[in-house]
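According to TrEMBL, the feature domain 'Glycosyltransferase RgtA/B/C/D-like' maps to 69-224. What TrEMBL records for 12-31, 96-113, 119-137, 173-200, 212-232, 262-285, 297-315, 321-342, 354-374, 394-415, 422-441 is transmembrane segment.
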Amino acid sequence: MIKRINYDKKLLVYTLLLTIIVFSLYLFNIWNYDLWSPDEPRYSEVAREMLSEGNWVIPHLNQEVYYEKPPLFFGIIAAFSALAGKMTVTTVRLPVIFLASLLLALLSYYYGSKLGRKIGILTGIILATTVNYFWFAMRVNLDIPLIFCTTIAMILLYEQLEDKDSCWKSCLAFFLMGIGSLVKSPVALLPVVVILIYAASTKELAKLKNIAWVRGFLFFTAVVGTWIALVFKVAGYNYFKVTVLDQLFEYSTGAQGHPNPFYYYFVNFPIEALPWTLFLIPAAYYLWSKRDTLPKIIAFNSIWFMSILIILSFVGSKRGIYLLQVYPAFALLISWYFSEFFKKNIQSLKGLKIPVLIFGLLILIVGVFLALQGPKLLEKELTSLLIKEYGFNVLIKSLALFFIIFGFLFISLLFPKSSKRVFMITASFSVILILLMKITIMPRVNLVKSERYLAEDLARLRTNNERVALWGSHNNDSGFIFYNGIYYDHIFDNKDEVKKFLKQEGSVILIVANQDKFYKSFEVKDNMLIKKYKVGSNDMLLIKSKN
């Protein structure tokens, strides 16, 4: 007899509506600004070369082996673009947007079924409107796909603790951790560490036997082992050593990547997870005061949040994006805190009003400062011609107005006694910010951030298949290849190599990542055609030299 699956129809409808709204918000206007360096163009170019060359096992960048990341998500981008018929900024971003929205949907329904519809939907709204989550949900990156795998695996292992009768949750969890490992790294095994910490801290170690460890690791090994076997067959031990063993050791110690001090996340997370970190301290205090009566799933998410925060703080290489692992748990904890106000379990609104008052005053000051000093700040970074031509004054005025309006709105929350109004204005802050970014900020900043303009000029200048060289880093400057399909013949580390290249007979083309470095090292000659570009923080040059 087939067991009937019961589901909450209302919650399902609410979840679908929320997911469609969030997906549409994330998707809106992504085709109107280019891939931004360093990660977006690099990952997209690896996917383009995978599709172009047909090598789905070993990633390549500029036709050289790309050792930094495994191939799976590059393959997903390539396959999706192939189905779409063309690789564009939209097709390379869509898989991440889809996974970010799907994760939000699964969490909203799951938590809603466990703790009530309201908490489920609140969790989805909070996650969708947390700065770092929505920022990376709209960009090509590996961490949104990674946390999709690890978050679902985390929940499956938690559910398996209470399930003695079947092992499918364990097997699926380890399968997803295997997929996550092929997306980015073995950090995908974090759910195992968290579930062990949870079981130990709640004195439920006996329940660990409900997890099918052997079968689970067989699933994990089947996924990862298949790729490793293909790697050894295609590229040998050296590729495995550099990509897996060396990368794992060097990133964990900080020898590679982004070395930062132990306290890095404790300082940066409150900023990167705005606006909801406004309520982090009062929520933490309330959670601690109720620690003996918390719902089990809230206690689990508290341990999830704290254990990963501490574990990743001990890892040498640190970036804000790495801490996305805690965002689903964080979203639930904040949504539960708000639900306690909605249920009148918390009478005093000080835990909401004081944070929004401080935040309102801060962004009001920022808004006034931008209105008064913004144009002067722009003049320090950009020429007056660029400011006028690209409309950067409009950008500054828009941001100033946004901060001033929301500054007053947050300050106004001091007076009416409504926790729902606090939630609505906080969520609206992020929604309006996303729309402002997509309509005004990103299309304008794109003009001095995108590599496409230089890439298109390079394609026009290269009339006779001239040799092309880069004086910079192809890890940071691979977007040029994505936009024109022209590979670098040489990548130079020092000026002597550049000098020799420029002295070659005939025409050659050189891309310079740092124009000051070039002008200090070389004299501009009559045979050089030089064009200047602003690409992010870099002042770059495109040089065609003919001898």
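Every residue gets a Cβ built from N, Cα and C, even glycine.
Please treat TrEMBL annotations as automatic predictions, because they have not gone through curation.
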Counting Cβ pairs closer than 8 Å to the transmembrane segment (12-31), the top stretch among 96-113, 321-342, 354-374 is 96-113
The domain 'Glycosyltransferase RgtA/B/C/D-like' (69-224) [mean pLDDT, rounded to integer]: 95
Is it the case that the transmembrane segment (422-441) and the transmembrane segment (173-200) touch, counting contact as three or more CB pairs under 8 Å in which the residues of each pair are 6 or more positions apart? no
Same-chain residues at least 6 beyond the ends of the transmembrane segment (173-200) with CB under 8 Å of its CB atoms are 69-73, 142-143, 145-146, 149-150, 152-154, 156-158, 160-161, 207-208, 211, 215-224, 227, 244, 247-248, 251, 300, 303-304, 307-308, 311, 325
Per the Cβ filter (under 8 Å) with a sequence gap of at least 6 from its ends, the transmembrane segment (119-137) is approached by 11, 14-15, 18-19, 22, 25-26, 96-97, 100-101, 104-105, 107-113, 143-144, 272-276, 320-321, 323-324, 327-328, 330-332, 334-336, 338-339, 423, 426-427, 429-431, 433-434
Are the transmembrane segment (394-415) and the transmembrane segment (354-374) near each other by the rule of at least 3 C-beta pairs under 8 angstroms (pairs 6 or more apart)? yes
Can you name the far-off residues of the same chain, 6+ from the ends of the transmembrane segment (212-232), with a Cβ under 8 Å from a Cβ of it? 57-58, 70-72, 160, 167, 170-175, 177-179, 181-182, 239-240, 243-244
Per the Cβ under 8 Å criterion, with at least 6 residues separating them from its ends, the transmembrane segment (96-113) contacts 7-8, 11-12, 14-16, 18-19, 22-23, 26-27, 30, 119-121, 123-124, 127-128, 133, 136-141, 144-145, 147-148, 151-152, 155, 297, 328, 331-332, 335
The transmembrane segment (394-415): which same-chain residues, six or more beyond its ends, come within Cβ distance under 8 Å? 352-353, 356-357, 359-368, 370-371, 374-375, 377-378, 421-422, 425, 429, 432-433, 436, 440-441, 444-445
Distal contacts, the transmembrane segment (262-285) - CB-CB under 8 A, six or more residues away: 126, 129-133, 309, 312-314, 318, 320, 323, 326-327, 330-331, 333-334, 337-338, 350-352, 354-356, 358-359, 426, 429-430
Using a Cβ cut-off under 8 Å, which residues of the same chain at least 6 positions beyond either end of the transmembrane segment (297-315) come close to it? 111, 114-115, 154, 158, 190, 193-194, 197-198, 201-202, 251-252, 254, 262-266, 269, 287, 291, 322-323, 325-326, 329-330, 332-333, 336
